[in-house]
Amino acid sequence: MYYHYIILLLNHIFLFCRGKCCVTLLNETEALKSYLEREDAFFYSLVYDPQQKTLLADKGEIRVGNKYQADVTDMLQEDEEDGRDLSKMEEKVWDPNSSLTEKQIDQFLVVARSVGTFARALDCSSSVRQPSLHMSAAAASRDITLFHAMDSLHTAGYDMTRAIASLVPQGGPVLCRDEMEEWSASEANLFEEALEKYGKDFTDIQQDFLPWKSLTSIIEYYYMWKTTDRYVQQVTRKTFDLHIILKASLNKPNPNQLSNSVKPLVNGAGTTAPQTPGLGRACESCYTSGSFQWYSWGPPNMQCRLCASCWTYWKKYGGLKMPTRLDGERPGPNRSSTVKRHDARVSRLTYPHGLPLRHSGSPKFAVKTRQAFYLQTTAVTRVARRLCQDLIRPRLLARHPYLPVNSAAIKAECE
């Protein structure tokens with residue numbers, strides 16, 4: 001008994017607490033008070049990832065708050081010295097106030113490119129990937145060669161002689177390669193295929209397509225790949241394909257549009273039916289026989305047509321200006337009201353119950369005649385409804401028509 005009482009109590013609490021509420025994803029740019037102050041409002045910050053089977057953030061977190069901001073020190077006065085050891089906090093890689101001019105720096109970079117081209121000519125693997133001198137010179141002019149040249153110049157104390165000597169040590173000229181040169185053609189094709197499948201999900205690309213490459217290498221190659229002509233060609237080709245698809249969908253011919261070279265058909269008749277005089281109005285709505293464009297309308301077996309103006313009206317409003325044969329028998333434009341009333345009387349006399357018979361000879365489509373009948377209430381019954389309202393209770397019987405009526409009590413009351 002106690003167990004049932006607990007169940008009933010829980011069900012009562014559940015029904016009592018049921019109601020409408022608002023559940024939204026926590027926006028990190030808003031304060032929590034904005035969610036807590038609203039009535040019946042809840043928020044969540046993590047979503048379930050079915051692949052990893054754990055709760056993860058729905059998107060990248062925006063780190064807003066004092067704990068994510070840098071501690072800015074007070075501004076130093078004019079004569080005040082900074083007590084921090086700046087050499088431990090940062091590393092200087094380039095001095096713009098050196099003794100070298102811009103022209104001398106450019107000349108040194110040209111020498112570094114020449115050394116890189118010569119190094120690729122001596123390297124067997126590079127000669128296979130860049131078989132021509134033009135391709136080797138283009139590869140030697142990439143950013144990694146220039147960065148190494150500027151770093152060598154800074155390390156040599158901006159001494160041109162020492163910097164050039166560091167570019168050509170005893171073992172041979174220095175060869176600097178980036179990810180574009182390290183990757184083979186087959187690896188590049190795998191990367192493009194993976195990028196087409198997964199998008200910019202580099203973790204899945206590494207796991208499924210390029211497990212021997214590091215994640216840093218894949219990301220670096222991606223941003224270098226976007227600067228190549230191959231990427232531009234792919235973007236241009238995709239844009240062109242989308243343009244063709246959009247153009248084909250916009251220029252798709254209307255299936256209801258009819259050719260003007262076809263001879264006008266009689267409404268509701270086939271191609272073999274002869275044209276009857278007086279029934280040559282082609283438009284099903286406005287009876288016009290001339291239009292610059294015709295459109296098929298209605299069931300295919302009736303072969304109805306609409307003119308351009310009625311077609312536009314039907315596409316806009318979903319109906320026609322005049323009733324058609326699909327809505328019922330349409331009178332001609334010159335028939336008087338007397339003729340219409342006569343036709344209505346004749347149709348009711350000719351057809352049983354106002355329904356036309358199908359003379360197809362098949363009993364399946366024949367209309368079955370039914371015997372007409374009606375209910376006539378006697379005078380005694382009408383009087384009993386007035387006198388015995390408390391026994392009959394007409395309002396209750398109207399709501400419950402299957403309740404039995406005590407006819408014996410009603411007869412006794414009337415007698």
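Heads up, residue numbers simply count up from 1 along the chain you see.
The backbone N, Cα and C atoms fix where each Cβ goes, glycine too.
Features of the protein shown, as given by TrEMBL:
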- 60-171: domain 'ELM2' (DOMAIN)
- 178-230: domain 'SANT' (DOMAIN)
- 1-19: signal peptide (SIGNAL)
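With helix defined as DSSP H, G or I and strand as E or B, the domain 'ELM2' (60-171) counts 63 helix, 0 strand, 49 coil. Each residue in the domain 'SANT' (178-230) gets a DSSP state, and the totals come to 38 helix, 0 strand, 15 coil. Looking just at the domain 'SANT' (178-230), the mean pLDDT is 90.
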